[in-house]
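See below for the structure under consideration.
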């Protein structure tokens, strides 16, 4: 958490530095000594900022954390003092000259003198902090050695790296030995001598403990009479070696064989010849286990092997070596390898063993190795028929091997005649099936069918024979096959249904045998044919690979059965939106990226239609390109690479490229962390050419995902609350013993309680499952200490890796973002936040500042986008890419919010009043205060809080007058947007009086506020004023004193026509005559009688203004043109008498980015067009026009070049022609009287248009037709507001190729039809809302069902229908 503290300190110091330098420039306001002090402070803080920039790696030290915290608090205090100076009115006061000199001492000190005193005190504090630079020196000198990370050297030999990766991958596979004991004890008594090599990848560490543990194992002691552990000496001395072995036998020999032990005791005194003779005798008669330590060369190995005979009694030699070549040569070329134990990333102890130990010893064993659900297996036996005995093999099957009898219900032996006769072959085949059919393992019906076949006429029905062989798993022996023509004729009646059937072909011709098996084959030596040197057995070389496929298939089915997918259908579908190329997936840890991809991956393994090979690579770090490709190669072709061919393959990269060229592959790269890693992978695979394969890249970061696949990426977000609840229930239901309230359907109260907890899980399945298990085990989980319980309780051990990732995640965030991250904890869980509200609060707090390249607002928007990419904030209710890019609303991820809260309290930053609080001033301090909706509004608790450093106050729920205190002199941000009721005009006067440093004031939605006080001009630092949806209809003259005001949001939304729904879905304006003043009007500043006198007059005046401003705008005073800092002003009403003059003044506001004007009519449209034409920076324009104003906007020339958003409302019959010139226009909303087909065509060529909303009272020919052609090329969202007059909407071919979301809002729609939706290639969602007939819903669904996309078809989402 120290790195977060550091980020906050750096931000505070940077803000103070900026404020100090800005204040120094205002020389006319400052005394010379103040300028000097500020310069000294500025220099000191510049040094502090540099110090903090190099302290990140050492910020975990407690002493460092203390210094960093002191620096941060000092910086904030200095910044507050500087703002006090800047805020003061330092003009000379003439009345002081009239005071006699003797009375000056008694007169109150001037504010400037107070500021000088405060600044000098702060200067002393800063100097004292600087003098304690021992702490700086401690940081600069102590951390370098203690915090440096030691990186182990990688294994130098690339072949050794490949072997190490192969060993680790093999250990993960099902059926691999757990340890050396299991590997040794698997040997049967009658098998040949087994040789096992133990290889240390980077030294001898751990080998001795493994050997000791193996020798002491009771099972080893029981099986092996003789055991020894000998270290080879150099040069090799055979006599010393033998004597050492006998000494070991003497020491380790088991007490059960005491007679043999006495003999060995006497041997120790014998001569060399006697020792050698006795040794050879004992090892020939007994089963032995010998460990040979430090075999350094093959010469030593060959010398030792002479004295260790193979008596085929299951003896075993374990060779330890550090030489990879020696380890493999001792075993032989064909071997397997797996990891015994890992001691570090680079060092493991691996074991090599001969794969022939699992080679079948007989033909029956070879047949039974064949698993079900595999292609037909063909085995060729080459040799004289009398040496093989095919018929006798068949007869022994049921008696000797019941497993074969059970696996193959249909068995036959057919001696082929020449020339080949199909009828004769079928008859013999059926006879054999009947003769060898085992009724014990088959059904009576099958037996009778075969019996009926035997009794049939001579012309046996061929189709029935084929059906029998297709339905059953069969084993057929064919004797005396002469040529390939006969083979092709036989195969016609022996189909391959991929059910594990088997054909054993006997022939005396090697060419025929190899042709039957396939060109890629190998020769096996079976024990049953060992005496017959002329008999050879040929099998297909891909048998092992087929077996591996079967194993993978079974594992995939088992995994999918065990792990059910809850929700996530959109995520799952979008993974295969494109079936080839590169698909990138990103999201935070615990969100289930790998889980969902694994579902898709295993489903493809089961289907095995689109892809031939599958590979999943967990990227290891530090990243090594050869390690990566070794792992990929093993997973792509594990069946063949486990045959010891890792020593043959010198370049895994080249081999992987070969596989990608020859096969259609599905590859998953899980855990990619950087673009550099992807560059290395991409350069080697040359992915652009591999169009047949699909590579899915999984990463945490959006930056990495979009780099890997610019246009084909997907953001994996948390579960919606209903899916999260479903996952919680299913997880909890698996517990046998669980609380009673979880046994049945949850009650509404329990459901709400669980949902409150699930909101804090942030939709992360990993956290939800852990919480469900915790609750099902009977534990109580409270919302109050949620994060602390997750981090500390042993039951949440599964989340340790998640918290490790979260810590590193926050550590890697840019320092300038960290204050913005902490700020998110101000808002309640699951609370929807307007983006601009959040950004402008950041600006007011100083978290976003002007730079040479961009404004503070633009920097804030970048920070917002960065947090969106980091998944700290999310867009509620939609996963569509286009809606995400709009981001009008957002909410904080619940899990991150809880994590931030647990840290922000530690750092004394954000405090939240919730529920019932106790009086504790030390606890109730901080820079930011949030009053929650559930707080009991206890005045005594509130008044005990220390507000001396408070910078922001945010209130949710009911307002109380005592919320504003004279102690809050430093408050910059007051946000009342979520206040439910109670704020009055008198309260606003108190706010203006007591909070003079406000930079952000939001009264949005406070309907009981009817006016701004005349004293409003004292808020000279105010940057943002939001009075939208209040009852304020006019601004006071004092507003023009706010020289720093940048954003003025006022007015309300009105409806143009009763036959259309509200496009913006914002609260409607107050109805005329309904404006009231709350009965709780504060009387702190006036008597009750005075308030009673004023209320009626205010009410009448407000009613008159509301009637006059029915268009939703607000009246502004003359002089608005002096507010040169304004970037955003909307909505102003120009219908008033001074409207034309106001429009003239708008020309002076050259920095305007957003403008909203209502009350436009023919009398003032000329001034409006002139004002708009002159704004070079204007990006957003909203206009409300009165009735019959056709053509009044045509005079705008030229239109604003940078205009990105245009909204036109009102009674206009024709669109202005200049719209087609808006090359940068991204958003267009038209809510007018009528639109013609020519005007629809006018819009189609706008090159940058992303969002289009159409809402008209009349439609030409009662239809909207989007004509064919490559039009609306960049449109993502189309919204159509439909009324009863609109009959059809048509999309012709090649239109809106990029459209993703279609919104249909209906008002009394009964006979509307859509056509052409199936041709919108990128369409994802159709959102239907309002009042409509069921026929419309059915019409939409039928078109979506016919969509051209085979997978991931568009989804129809229906909102609650209005009656």
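Heads up, the Cβ atoms here are built off N, Cα and C, so glycines get one too.
What you are looking at is a predicted structure, and each value in this text was computed from that prediction instead of being measured.
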TrEMBL annotation of region 'Disordered' - which of the ranges 1035-1058, 1059-1082, 1083-1106, 1107-1130 it falls on: 1059-1082
Annotated stretch (coiled coil, per TrEMBL) among the listed ranges 17-44, 45-72: 17-44
Confidence summary (mean pLDDT) of the domain 'Disease resistance R13L4/SHOC-2-like LRR' (950-1066): 87
The domain 'Disease resistance R13L4/SHOC-2-like LRR' (950-1066): DSSP-derived helix, strand, coil residue counts: 23 helix, 27 strand, 67 coil
Number of helical, extended and coil residues in the domain 'Disease resistance protein winged helix' (826-885), per DSSP: 31 helix, 4 strand, 25 coil
